[in-house]
């Protein structure tokens with residue numbers, strides 16, 4: 001909201017870069033795949049392309065006629081897709097820094113637009129309560145998903161490119177198959193508007209941010225809620241996994257940016273479980289582990305039944321230990337939440353006491 005862009009270094013003692021250029025609130029920001037450029041969209045109706053160094057030089061892209069709410073690079077870094085309150089989605093070329101074309105079938109503000117991993121499709125989410133799927137080459141809308149009960153705040157592609165997930169003001173998160181255009185999963189885990197979501201690079205997890213001040217991690221293989229994370233005071237407005245999946249960052253209305261470390265393995269989930277360490281790091285049940293094994297190459301046949309049985313037993317023990325650790329973690333979070341609520345209650349009591357005292361003083365002065 002301060003019209004500035006901050007580029008943070010994760011190394012200790014390194015100062016953050018503060019980029020000035022936009023004339024109004026910055027609504028969205030993204031690094032290019034190479035990390036050599038940063039794109040931002042603003043309420044000043046412009047898109048800017050920055051070089052993330054001390055100078056903070058930028059180029060201005062102008063074609064939208066209203067607030068730009070979303071900006072994203074294609075996976076090859078050659079194109080940009082933007083979404084705006086002018087009801088359009090626009091595609092730009094990065095190197096020639098030129099506007100290419102508009103997609104204009106939404107009938108209300110467009111909150112978000114994303115390229116598919118292969119760059120052939122674009123998904124857009126709008127306040128007209130639809131998600132539209134576009135063919136980048138033909139520039140035609142190939143499908144509209146209309147199942148949301150409210151505005152659609154955010155949409156993103158699964159790393160495989162076969163699914164999309166969307167977050168809405170009806171407090172839901174929905175996952176669709178874009179090959180068959182059918183609803184796959186429906187999560188009603190938040191108690192308020194869902195603002196943002198991000199897929200883990202493995203494709204097995206989805207993280208969401210909501211006005212109920214929580215972040216939630218969903219296990220897509222099991223179709224269930226895995227973690228609820230409390231940290232922000234007030235709405236959690238955005239969340240994103242790092243490219244490797246080792247970390248995720250969240251931002252909120254409390255003016256905080258938080259960086260979190262993931263506690264599930266960030267390795268390629270298509271690989272066969274090669275070591276016991278891998279099995280220990282993956283959060284979930286034995287069924288979950290088995291599903292992940294099925295995704296990869298078949299296990300080598302030189303293992304005996306005895307060793308297979310031992311591994312099976314070890315995995316069950318690991319799963320139980322992980323579940324217990326998860327419960328302990330959730331209890332710790334609950335304790336912290338209770339502590340915060342107690343602090344807020346004390347503050348409220350103090351304010352009430354102060355009000356009553358002031359009222360008594362007023363009554364006393366009127367009596368005199």
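Just so it is clear, glycine is given a Cβ too, placed from its N, Cα and C backbone atoms.
According to TrEMBL, the feature compositional bias 'Basic and acidic residues' maps to 297-306. What TrEMBL records for 291-318 is region 'Disordered'. Per TrEMBL, repeat 'WD' is recorded for 19-50, 61-102, 103-144, 145-186, 187-228, 229-261.
Here the repeat 'WD' (103-144) has Cβ contacts under 8 Å with residues 66, 69-70, 72-76, 79, 81-85, 87-91, 150-157, 159-161, 164, 166, 176, 178, 181 of the same chain, all six or more residues outside its ends. Confidence in the repeat 'WD' (103-144), given as mean pLDDT, stands at 95.
The repeat 'WD' (19-50): residue composition by secondary structure is 0 helix, 18 strand, 14 coil, according to DSSP.
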